[in-house]
Amino acid sequence: MRIGMGYDVHRLTEGRKLILGGVDIPYEKGLLGHSDADVLIHAVMDALLGAAGLDDIGKHFPDTDERYRGISSIRLLEYVRELLKAQGLAVGNIDATVIAQRPKMRPYIDQMRKNMADALEIPVENINVKATTEEGLGFTGEGLGIAAQAICLIS
Ligand code: MG
């Protein structure tokens, strides 16, 4: 068994969609980034790549590469699944936390889990998503950005 962790932050800005766990969440702002800036999936991918000893998403999907402009991070997660598969590695479970002051994540959590489980071809029970605020403190608390953390086991 191997363990991995991932962490990511993206800035909230007007004129962008808010995509988290592959769910398009209605909100006045969205996350800025080269891809769809799905901070949750980015943290999950970094956890998986870390566990596999395969560097990080910055290496596999550089933000200077036009192929990844605006790409759905679900597609990138599928690519990571294939990288792990090629190494004979299977995903055990994943636990992740989205850190955001707003919007409320609860209504979207189950769909996020399903989207990521489908992309990874694992049972939805093996992927957990939580959400928390930071009580108005710091950049997430001030609504300037959203952070995500993830941890996983692979074997
Ligand atoms: Mg990112």
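Placed from the backbone N, Cα and C atoms, the Cβ positions cover glycine too.
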> Asp8, His10 bind divalent metal cation in TrEMBL, but which of His42, His60 does that record place at the same site?
Replying inline: His42
>> Going by a 10 angstroms cut-off between Cβ atoms, which of the binding-site residues His10, His34 has the sparsest surroundings?
In response: His34
>> So if I draw a 10 Å sphere around the Cβ of His42 (divalent metal cation binding site), how many other Cβ atoms end up inside it?
In response: 28
>> For the binding-site residues listed here (Asp65, Glu134), tell me which residue's CB has the most neighbouring CB atoms inside 10 Å.
In response: Glu134
> Since the record lists Asp8, Ile57, Pro62, Thr133 as recorded positions, which of them has the fewest other Cβ atoms within 10 Å of its Cβ?
Replying inline: Pro62
